[in-house]
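Trainee: Mind having a look at this structure? Questions to follow.
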Amino acid sequence: MSFFDTHLLNVVIYLPLVFAALVLMLPASEHGQVRTITFVGMLLDLVFGVWAYFRFEPSGSEFQMEFRVPWFQQFGMSYHLGVDGLAVSLLLLTVFLGPLVVLASTTYIQHRIKEFHLALLVLQTTMLGALASMDVLLFYIFFEAMLIPMYLMVGVWGAEDRRMAAVKFFLYTLVGSLLMLVAIVAVYFISGPPGTRSFDYGQLYNNLLAANQQLAACANGPEGACASLTGLAATLHTYGPWMFAAFALAFAIKVPMWPVHTWLPDAHVQAPVAGSMILAGVMLKMGTYGFWRFAIPLFPVAAHAARPFLAVLAVIGIVYGALMCLAQRDIKKLIAYSSVSHLGYCMLGLLAVTGEGATGSAYQMLNHGISTGALFLLFGFLYERRHTRLMSDYGGIAKVMPVFTAAFVIITFSSVAVPGTNGFIGEFLVLMGTFKSSLPLGFGAFATLGVILGAAYMLWMVQKVFFGSITHRENQHLRDMNVREMLTTAPFIVLVAVMGLMPQPFLDRIAPSTDRYVARASVGAPGATQAKDDQLRVEVMSLPSTAAVARPSVPAAPLAARE
Amino acid sequence: MVPITYYLLLAAALFCMGMFGVLVRTNALVVFMCVELMLNAVNLTFLAFARMHGEGTGHVSAFFVIAVAAAEAAIGLAIVIAVFRSRGSVNVDDIRTMKH
Amino acid sequence: MNLPNITLAEFLPMLPAIIMVVAASVLLLSEVFLSATASRGYQAVLTVVAAVASGAVAVGLMFEPPREVFLGFGVLDPFSSFLTLVVSVGLGLAALSAVGFLRRRGAERGEFYALMLFASAGMSLLAMSSEFITIFVNIEVLSIATYALTAYLRRGTRPSEAGFKYFILGAFSSAILLYGTALLYGATGTTKLNDMAGPLQQALSTSPALVYVGAVLIAAGFAFKVAAVPFHMWTPDVYEGAPTPVTALMSAGVKAAAFASLVRVFITVGKGMDPKLPLMLFATLALLTMIAGNLMAIPQRNVKRMLAYSSIAHAGYLLLGVAALFVAAPGEHFRLLSASSLSGGTPLDVARSDALRGILYYLLAYTFSATGAFAMVSALERREDEEKGTAWDLERFAGLAQRRPGWAFAMAAFMLSLGGIPPTVGFMSKLLIFQAAIDVGLVGLTVVAVLSSAAGAYYYLRVVVYMFMHPIPEGAQPLERNWGTEAALVIATVAVVLLGILPGHVTDWLAQAGTLFGQ
Amino acid sequence: MDGITEFFRTAPIPPEVFSPSLGLIILLPLLGAFVCGVFGKWLGRANVHLVACSAIAGAFVLSLLAFWATSDAAGGRVVSMPNPFGIERDTIRYAIAHDYGTWFAAGDFRVNFGLLVDHLSGILLLIITGVGFLIHLYSTSYMEHDDGYWRFFAYLNLFVAAMLTLVMADNLVLLFVGWEGVGMASYLLIGFWYTDSAKAWAGRKAFVTNRIGDFAFLIATFLLILTVGAFNRQADARDFNAAGSSRARYEQGISQKGPVTFKGLEKLALALPEGTGGAVSLATPIESGPLSGYTFGGVMTSIMLLFLLGAAGKSAQLPLYVWLPDAMAGPTPVSALIHAATMVTAGVYLFCRMSALLVLSPTAMATIAIVGALTSLLAALIAFAQDDIKKVLAYSTVSQLGIMFMGVGMGVFWAAEMHLMTHAFFKACLFLGAGSVMHGNGDETDIKKLGGLWKEMKVTHATFLVSTLAITGIFPIMSGFFSKDAIFHGVHHNHLHGLEWVSTFVYVMGLLITAATAFYMSRVYLLTFTGKRSPEAKLAHAHESAWHMTLPLVILAFLAFITFTYALPLMPRTGGGTQPVFENFLSPVLRPAETVARVAETVHIDTSSPSLGDYAFAWMWALLGGGAAAFAYLKFFPSRVGQPVPVFARAVRRTAQNKFYVDELYEFILIRPVKFLAFILFRVVDALVIDTVLVRGTAYVTEKVGLGLRRIQTGDAQAYAAIMALAILGGAVYALVQVLS
């Protein structure tokens, strides 16, 4: 039982924080050192993250590398970490982006460098923490804390409208997640009599499971069959939809789904390259991840009821986002809206509740992180050179920046899901899952429209920026990518190819969580072949100490009360 | 002998007068006096009830209230003086530079 | 007639207050022998020492068995001891931030600290008192001291105006409180809370009007002290006019003590009377306070005033906790505040002690965050600007992150904590309150609270925006540092972050402190 | 003699040994692409040429071996392998395959890297690599002055790799990889000279138009997957028997190879017809799943129609043909390889590959035939009036593809496939000839400004002439004549069940097309090569191209001539009679389709071979067209130079020249509206309604309310007190009400 058997996740999560402390000690004038230390930290974190990824045993138990100690117990919380297939994959994505983000910012960020890297490291920790949290409140804490560094990143190092964008981003997200907080506490209370309650994901889910099954049984039964419910099932019947709504809203804003997406373009456009990369790469996934892990499994019946509605929103997101891109003049805005479209695929795959769909959705999360991350990265390079985001200010620069163009076009193909790139696998699986699902065929058909529009807007942008003759004199002497920039871009391109040609190793890790997700989500579906309990129940380690479950503190012995 | 209710009503009336005074009078000192009036109305109530229950707490309370009122008077007058020093008037309507 | 024999042990519970009073007297006396120019650095130190000492004693007392003291005029229970702790924390931090503040104005006098100490003594005693006259006297002790402190700076119109408003309205409200007391006394024939329960039962049948009106008047009296809408009107003006350290003390200590007394009184008085009344009373107050406080703070550019409004808003969240105390049985239905039977059957006493716990933790959290924030304000304001009214403008904070990163970080921590963003103590405390409220089923109110706090985040963030995202205004004078202020900032920041991440021990105490004598 | 046959019937490398290295055929060009693309700049021109050409050459050799292996019958034992979807005895003959394992699998779906070479794909392998090699060779000289040579060869290799993937894939998804891969490569190659934004736009147009097709392709694939699932649920033993399979084997096959493997789909097709009995037939409604309610037949029809749309995108048929003419913006070798010989024929290949499924749905077939016919005629008419030599050839390509579609649509798969091959030869030759002409005339493409080249560019002229004769069929002993005629003969005599009129209609169209083709091709030839050199010519004297360019021309011309032999009925037909070589050659691949057609009685396939009379009749039409052209351009127009052209003639000509304004039509009814919609949505819905009104609106209202509330704070202590008093009053009243009630 070595140190890493128990603490690997802790190491991965808090390593950036340790390095943040180191950076804090450096004098602010030592730019080089600050950057180096941060980079080294991220690199180390990548190493450990990869290790964790390979330690994860697809055929093993659902949650692995668990770590749990008592923390704030009177309140039903415990410090509980653990990752399943999806979480570990997203974790890999996060640590993968880390060092590249640092490299990407070396020339982009020119003032207040120390603060920037501090924010970067803290942000990394919060994101990793959110992914690995097995305690709902712990997740919430990381989920919220994540906002602060990102808010600063957008607001301090952003473009001209940064303050507006930062505040908008913060409040937009806050409103949703606060309502979710209420729902979390509420579900904690209904989850059982005092003594059996806990904010721990496993326990919470298992407490609700039986009731959910009853509820599903009656909800798909005759009209008014649910009136006879009692106890937890009855409470879920009345309040479940509301709680689900609260969860769904919080995560839908994060995804972002139409129509609560308008914070995204502003945030993306204003954020510095690092901000955009992380925002697109990891943060948006928190929304889909939340749906996958919390919103849908905890309230399968309500989720199933809301499914068509959400699916419609997702499809609207796909097509609408793509159409938005066609109307943009601003490259970053275009990429931002393309995110709306891509995340629409993720949501659709989730809501299809089929093995293919869910897998595709999970894979699409990774793809989007890579392709859109890379797009923002590359555009960042361009922005450093020209300081304009308007397509009309470019044109024909392929002549002067051939290598850059090649990289950009490759990523573009990945983003429009040309077979052989990673994008295709995800999109194909999602669409097939949608067709296979119980959703009407129209959903799939409309979603597939995105395939056309995607090509239309991305190539349009490439055309306007890179092809044709050079229209602006400023562009005539643009310098092509230097070694550092190539090194930053190369990993993305490699991954695009690798994940496109050999997706199976990645899919293998996602598969077990997919099956469980589908099983848990289809608890609410009518006539769905109900999986066995061992598929449904969440098996997690219990607290080492006996006081695993939170007992509300009962007042000390009856006092010298007179009456 | 006079029934207890009368005392109470009188006290209530005094209290309301005091209250009203606080709300309408413009001279800071008068306002202040109105507060004192309220306190004394309370005293009266205490005493009346003490009489009704026939035990001493009410009386004690009255004494305490008087003492406290004295203290308040001291600090209050000091403040009023300070106000007068700073703006040369004790008109309540003038004392409103800080608003919104 | 035989005098009650009071042993020395009876004084033990008062020890914190006694320490403060002694320190105050020492300061006053020493002041007599000092020349106008003598250095007065020791005064702040002495005050802080007294605060620490009393705080330590309070912690010790927290584990004493709950009991009556002084023939039932007061009680010693973890609840009161914890509040004493909170008060001494507030006192200490306020005193620390006062050092530089007074020095910059050349207004260092022993009286200032003495008055602070007296006020704090009053607060700590108020938390303990369980008899109406005692309560009244203590309220007056702390009020009179704060009246004086408010008007302490004699230059300029603002201090005297603030003092006047505070004094008139304070006296007005305490008269009302007193009248309520008198009515209750009339109804029950006693002023001791612990004796009241029995007589109250009959009184409710014989002369209910007295009881109810009395209760309402008392509630109004307290509502004034805790600055609950619509009894809050004085707050912004007074907070703005008072010397910033005093504002800190008021926002932290006075509020805490008042809440303590409020809870103690209504737990007893509320017993037996139709539970709907206190619930309705406090729920309505909470609702108004949360909404109005936050909304009015939004347009403020004057940070000090903004913090005043924010303190009103926080009173609202605390009142939410108080309202949770009075949900007699889950299942009552009101329109907005739907007390529905969400609760999976938490025993009511458990729920209640959870609520108390929440209130206490919230008070502690708020004390740290608010005093810290005010310390920051006091460090940035300059006397010259006061008449222009720009002394507390947001512009003061512009570019602070570049000028003093440490300060900016601290202020950001306070703001986030006040906004209730994890991982700060503000989040944890809000969580406890919301938890208590939801447990008894005040879901509707909680949602309102949550949304209003989202609105609140906006104005807290604006300060952060100015500190981090605005350039340094040209012609900005250098910010002189001061050990007191910086000490206050460090302590408060550490507390805010640590209590946010590891609420462990404090909540262990709270498990105790949630018990109220005779509850 | 026997020795020779024996030699040809024994593959140098035995199939089982060779099959694992099938992947190399794709890998070599891919490697070439990588090397040229990444290191090309440093390698230098010569090395790039070497790498690129040798990669293709290697692929060609391997394809040759693979092809050989598919016909291996050493010691009378025909090469064969077990059919994963069939019963144990069921084998696939004349084919070699290798499965490189899972590509990706999720849920109960999987896709394998499965490669399959049978006679159908074998032929295409040879065409792609062979013609591909010739064109690479040609390009080494054609692109000698271009700095982007390394990109060019990288793209070209990439294209070949993708195309090979397309034809060798043994399942739809892998085929789709090639399908989109060639689209991507063609996008890059059309926009090769990206500095001219018109060319780059043409590339984008091609890609997006193709994407419209792919959209349909994807949906069709998904529906097919659903159908397979439904079939699997509902079929009973008799169905599986009819397909020569068993439930166990079939499911095993699906779980091992995935649901969209062509062999599996064949089994599905074999099981579906009514004639087979069993629980599932075309008329059976699907019970459960998303498709529940529809019949298998109906679903199959819609799937095939969707595939038609997909194929129309790739093979430039109505309504998606518009991209091909613009695609001529690319370098000429590209037009020859991609937009004539290989990529554009992918649609035809797809339908031959899935012929068994196609024949299940007469409706779909009829649609395909009619679409083909209409496209073909339309393109031919447009070609009349084009003056750009490449444009003419482009439209002629569209037209020829239309002919192939007619063949596919009417069930003459072998003839369509054969025409695909011959067309690859003569059209490639024509394009390369055109390229050579341009090369020798300072990139002049306007045939009006050429002329009289027969003296200056002898080789080019000769080969061009041969190919022209081949495509037009004016001189009947030519591959083009035979393959085309084979199609028309089949079209004439095959009958779609319930849609008999189609064959007549399509046949008549075909005759017109023959004449039209003869006309415009002769026109091009005459104007370019005969007569006097045009005064507007860029160069006074054209020069013949280097051997790199002429050698491919010669070879292709020869092939264009010789391959007519394949159409001769020399082979014995099973059950008496003779059949054309090519039909016999493809029969192992197409047999399932014939079986299905026979059992399901959807298509009546006629196997008679055309008589001399038929040939004469077809020839007459060609002569007609050619004669008209000759008359017009040798006699008529030269005689009346200078005289005003009648108005109606000019109008007609202008319309034809502007391609009947189809592009403008699309622009108007499709592209503009979408762009407008996007703009409106962005400005109104996104910016105004959601962001401004809802989001900012909320913030605005909140702030305003705050401002309002703040007015209450008048600063007047007495007002404060008054409000407190009122509040207390209210509280007291409430309390009293509580008491009284």
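Glycine too: its Cβ is placed from the backbone N, Cα and C atoms.
The transmembrane segment annotation in TrEMBL covers A:37-54, A:85-104, A:138-157, A:169-190, A:239-257, A:269-289, A:309-327, A:334-353, A:365-384, A:396-418, A:438-462, A:483-502 (among others). Annotation source TrEMBL lists domain 'NADH:ubiquinone oxidoreductase chain 4 N-terminal' at A:73-128. The annotation domain 'NADH:quinone oxidoreductase/Mrp antiporter transmembrane' is assigned in TrEMBL to A:133-450.
In the displayed structure, how are the listed features positioned relative to their neighbours?
Mentor: Under DSSP, residues within the domain 'NADH:ubiquinone oxidoreductase chain 4 N-terminal' (A:73-128) fall into helix, strand and coil as 40 helix, 6 strand, 10 coil.
Below 8 angstroms of C-beta separation, residues 12, 16, 35, 38-39, 42-43, 45-46, 48-50, 52-53, 56, 58, 64, 117, 120, 124, 127-128, 131-132, 273-274, 277-278, 281-282, 285, 289, 292-293, 362, 365-366, 369-370, 373, 377, 380, 484, 487-488, 491-492, 495, 506, 509-514, 517 of the same chain, each at least six residues beyond the ends of the transmembrane segment (A:85-104), sit close to that stretch.
Beyond its flanks by at least six residues, the transmembrane segment (A:239-257) meets 172-173, 175-177, 179-180, 182-183, 186-187, 190, 215, 263-264, 283-284, 286-288, 290-291, 294-295, 298-299, 301-303, 305-306, 310, 313-314, 317, 340, 343-344, 346-347 of its own chain at Cβ-Cβ distances under 8 Å.
With a threshold of 8 Å between CB atoms, the same-chain residues lying at least 6 positions outside the transmembrane segment (A:309-327) that come near it are 248, 252, 257-259, 261, 334, 337-345, 347-348, 351-352, 439, 443, 446-447, 449-450, 453-454, 456-458, 460-461.
Taking Cβ pairs closer than 8 Å, the transmembrane segment (A:334-353) reaches residues 255-258, 261, 264-265, 267-269, 276, 280, 284, 287-288, 291-292, 296, 307, 310-311, 313-322, 324-325, 328, 359-362, 364-365, 367-368, 372, 375-376, 379, 415, 426-427, 429-431, 433-434, 436-439, 443, 447, 450, 453-454, 457-458, 461, 518, 521-522, 525 in its own chain, all 6 or more past its ends.
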Trainee: Where else in the chain does the transmembrane segment (A:169-190) make close Cβ contacts, counting only residues six or more beyond its ends and a cut-off under 8 Å?
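Mentor: Cβ under 8 Å, 6 or more out: 76, 136-137, 140, 143-144, 147, 150-151, 154, 197-199, 204, 208, 232, 235-236, 239, 242-244, 246-247, 249-254, 260, 262-263, 266-267, 298.
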Trainee: Where else in the chain does the transmembrane segment (A:396-418) make close Cβ contacts, counting only residues six or more beyond its ends and a cut-off under 8 Å?
Mentor: 338, 342, 367, 370-372, 374-375, 378, 381-382, 424, 426-428, 451, 454-455, 458-459, 462, 465-471, 475-481, 486, 489, 492-493, 496, 500
Trainee: Cβ under 8 Å to the transmembrane segment (A:438-462), counting only same-chain residues 6 or more beyond its ends: which ones?
Mentor: 307-308, 311-312, 314-315, 318-319, 322-323, 325-326, 331, 334, 338, 341, 344-345, 348, 351-353, 391, 408-409, 412, 415-417, 427, 430-431, 525
Trainee: Could you tell me what the rest of the chain brings near the transmembrane segment (A:269-289), counting residues at least six beyond its ends with Cβ under 8 Å?
Mentor: 86-87, 90, 93-94, 97, 100-102, 104-105, 108-109, 116, 120, 123, 127, 130-131, 143, 146, 150, 153-154, 157-162, 164-166, 251-257, 330, 332-333, 335-336, 339, 343, 346-347, 350, 361, 365, 368-370, 372-373, 376-377, 379-380, 383, 389
Trainee: How about the transmembrane segment (A:365-384) and the transmembrane segment (A:483-502): do they have 3 or more C-beta pairs under 8 A, pairs 6 or more apart in sequence?
Mentor: yes
Trainee: Find the average pLDDT over the domain 'NADH:ubiquinone oxidoreductase chain 4 N-terminal' (A:73-128) in the predicted model and report it.
Mentor: 90
Trainee: Short question: which residues 6 or more past the ends of the transmembrane segment (A:37-54) have a Cβ under 8 Å from it?
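Mentor: Those are 4, 8-9, 11-12, 15-16, 18-20, 22-23, 26, 65, 83, 88-89, 91-92, 94-96, 98-99, 101-103, 117, 120-121, 124, 509, in sequence order.
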